[in-house]
There are 2 protein chains.
Amino acid sequence: MSNDSLKIPQATAKRLPLYYRFIQNLHSSGKQRVSSAELSEAVKVDSATIRRDFSYFGALGKKGYGYNVSYLLSFFRKTLDQDEVTNVALIGVGNLGTAFLNYNFMKNNNTKIQIAFDIDEKKIGTTIGDVPIYHLDELEQVLQEKDIAVAILTIPASVAQRITDRLASCEIKGILNFTPARLNVPSSIRVHHIDLAVELQSLVYFLKNYPGVEEAKTE
Amino acid sequence: MSNDSLKIPQATAKRLPLYYRFIQNLHSSGKQRVSSAELSEAVKVDSATIRRDFSYFGALGKKGYGYNVSYLLSFFRKTLDQDEVTNVALIGVGNLGTAFLNYNFMKNNNTKIQIAFDIDEKKIGTTIGDVPIYHLDELEQVLQEKDIAVAILTIPASVAQRITDRLASCEIKGILNFTPARLNVPSSIRVHHIDLAVELQSLVYFLKNYPGVEEAKTE
């Protein structure tokens, strides 16, 4: 990975996985080139934003021709390190956690949920979506054995900080936090927070205050 | 709502529900004033960003004093229209949908999931988290009766567009899309998209490319 990637805006970085997914789809369907207008229609990001995003990576396309799909595919695969799998643990196998385990986002992707943890004896020792479920008591030991870099938190907010503190004592580098709790972590851990209540409230706020304004939908 | 709110940046608007939640917590705990540094610590947004966000709303605080909690609370309640409830329907009562219905995000909030839809006969006629589940065949009729403005999509991607087309024929104004599908909608409907795979991939990308860079966690 070149150092150039350090200079791209974070908003652009957040859209890369989305572009990658649709370029995969285009490639699978046999398409050989694509214009920014077509990409825009598919990913619902305006084409000026797409052209600006792509421009950070140098000349990916040609004026009047568009982008070569195979080239884009190999470029994004490399940029997103698709060939290097990041091992993920999921903590909390309730409804939300189960949805994640059943969801196929580990396919065609550079992330794989390898293990899950819960405290419900009925779930421990079983698998969901091929992912084995361990007792939370074994957290530290199993995380180390399986070389886990990222944890998804789908646990009650009331225990989120306590479990985060335990994760901080392991080699965890990133947390995807689905609880409403705001987590205190050492600077070595990056937290992305997805608060479902805030997402819904935010949508309602936009409906009331930005009627008719198009959103850059992947912000 | 004054027209001033139309001028605030969308990134700021997205943080408002988050601020509101923590100001509610502060108020409940009896706190009377708060500094931007304390707010920053609680919501994990840097204090310069908080001060800039708040500045769009005029003089909410005083230098050397901080912000008055009661004033902030009433200000945000008004700004976020907390007194006007938006009725929400959830479509697809699988694991993810069930997690939503059990999740208490309708409490202390200006949104309420009033109804859910599924096609599983075992679920229809039951309630989860007090929300009644209807058959999808009744979608158009029930949405109209209940004055529903927003739909949450927790259905398989393969049927997402078809159901979106049905929603477009009703009075739906906003869709919170949890499927990986990108939806085509008329300009009268606003879509916010939360793609769990993209969120995970994005976290991994940041871990690899922005080591040690603090994120504005609510972007």
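Just so it is clear, glycine is given a Cβ too, placed from its N, Cα and C backbone atoms.
The feature DNA-binding region is assigned by TrEMBL to B:18-57. The NAD(+) binding site annotation in TrEMBL covers B:GLY92, B:VAL93, B:GLY94, B:ASN95, B:LEU96, B:GLY97. Here TrEMBL flags B:81-182 as domain 'CoA-binding'.
Assigned with DSSP, the residues of the DNA-binding region (B:18-57) fall into helix, strand and coil as follows: 28 helix, 2 strand, 10 coil. The Cβ of B:GLY97 (NAD(+) binding site) lies under 8 Å from the Cβ of B:LEU90, B:ILE91, B:ALA116, B:ASP118, B:ILE152, B:THR154, each on the same chain and at least six residues away in sequence. Within the domain 'CoA-binding' (B:81-182), the DSSP-based counts of helix, strand and coil residues read 30 helix, 29 strand, 43 coil. In sequence order, the binding-site residues from B:GLY92, B:VAL93, B:GLY94, B:ASN95, B:LEU96 that place a Cβ under 8 angstroms from a chain A Cβ are B:GLY94, B:ASN95, B:LEU96. Sequence-distant neighbours of B:VAL93 (NAD(+) binding site): residues of the same chain at least 6 apart with a C-beta under 8 Å from its C-beta are B:LEU101, B:ALA116, B:PHE117, B:ASP118, B:ASP120, B:LYS123, B:ILE128, B:ILE133, B:THR154.
Sequence-distant contacts of B:GLY92 (NAD(+) binding site), defined by Cβ-Cβ distance under 8 angstroms and a gap of at least six in the same chain, are B:PHE117, B:ASP118, B:LEU153, B:THR154, B:ILE155, B:PRO156. Residue density at B:ASN95 (NAD(+) binding site): 20 other Cβ atoms are found within 10 A of its Cβ, drawing on all protein chains shown.
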